[in-house]
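Report on the structure given below.
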Amino acid sequence: MSGLFITLEGPEGAGKSTNREYLAARLREQGVDVVMTREPGGTPLAERIRELLLAPSEEAMAVDTELLLMFAARAQHLAQVIRPALARGAVVLCDRFTDATYAYQGGGRGLSVERIAILESFVQGELRPDLTLVFDLPVEVGLARAAARGRLDRFEQEGQAFFEAVRQAYLQRAGQQPQRYSLLDAAQPLAAVQRAIDALLPGILERCRG
């Protein structure tokens, strides 16, 4: 069995974490070695960087600082978790990866795709996800779900225009590479979203065992 790198992307309140758990359980039922992780974070050091990125602060974080911290956490995560898991043949399910950087720092913050791509190449080399599930939903629905969870982090405190730009960046990337992305309607009831995941399962298992 070869390693497979699957990322789950989408804006706030899209249900990525819940559906990551669901997909992991379905794969494990088939005897697949699954590693669940997230970004920013995934290792003790990367989780400390995550805290810096998400905690509201009186000092405004420069956009380049935010971008570099994202990739610093990613470099540690790749070295300690993702690359070793793929090398042993595991399926890695990651809640957010570099597509989130293109969506949030690119779409939301307005950084150029070229600027992000330089860091992507430097930190990741040739490594890219094999499959990316994009959980899409209207911004107002996602923000309402995020607010219902309680205290908002630094990103969740951004306004609707920011998240509209994030959403459009995700949709644009998915449209450019349909062979890598699967777009799921996350505004549906959870059971319907998970039926859509089930429909992808045979193809994922075939790639695992191919």
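Backbone N, Cα and C define each Cβ position, glycine as well.
The following features are taken from Swiss-Prot:
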BINDING   Gly10, Pro11, Glu12, Gly13, Ala14, Gly15, Lys16, Ser17  ATP binding site
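Those residues of the chain, other than Gly10, Pro11, Glu12, Gly13, Ala14, Gly15, Lys16, Ser17, with a C-beta within 8 angstroms of the mean position of the ATP site C-beta atoms are Phe135, Leu137, Gly142, Arg145, Ala186. Cβ contacts within 10 Å of Pro11 (ATP binding site), excluding its own Cβ and spanning all protein chains shown: 30. In the structure as shown, the Cβ atom of Gly10 (ATP binding site) sits within 10 Å of 26 other Cβ atoms. For Ser17 (ATP binding site), the same-chain residues lying six or more positions away in sequence with a CB closer than 8 A to its CB are Arg38, Asp95. Note: Glu12 (ATP binding site) has non-local neighbours Gly142, Leu143, Arg145, Ala146, Phe155, Glu156, Phe163, i.e. same-chain residues 6+ apart with C-beta under 8 A of its own C-beta. A helical conformation is recorded for Lys16 (ATP binding site) in the three-state DSSP classification. Cβ neighbour count for Gly15 (ATP binding site) (all protein chains, 10 Å cutoff from its Cβ): 21. Ala14 (ATP binding site) counts 25 other C-beta atoms within 10 Å of its own C-beta, drawing on all protein chains shown. Counting every protein chain shown, 24 other Cβ atoms lie within 10 Å of the Cβ of Lys16 (ATP binding site). Within the same chain, the residues at least 6 positions away from Gly13 (ATP binding site) whose Cβ sits under 8 Å from its Cβ are Leu137, Val141, Gly142, Leu143, Ala144, Arg145, Ala146, listed in sequence order.
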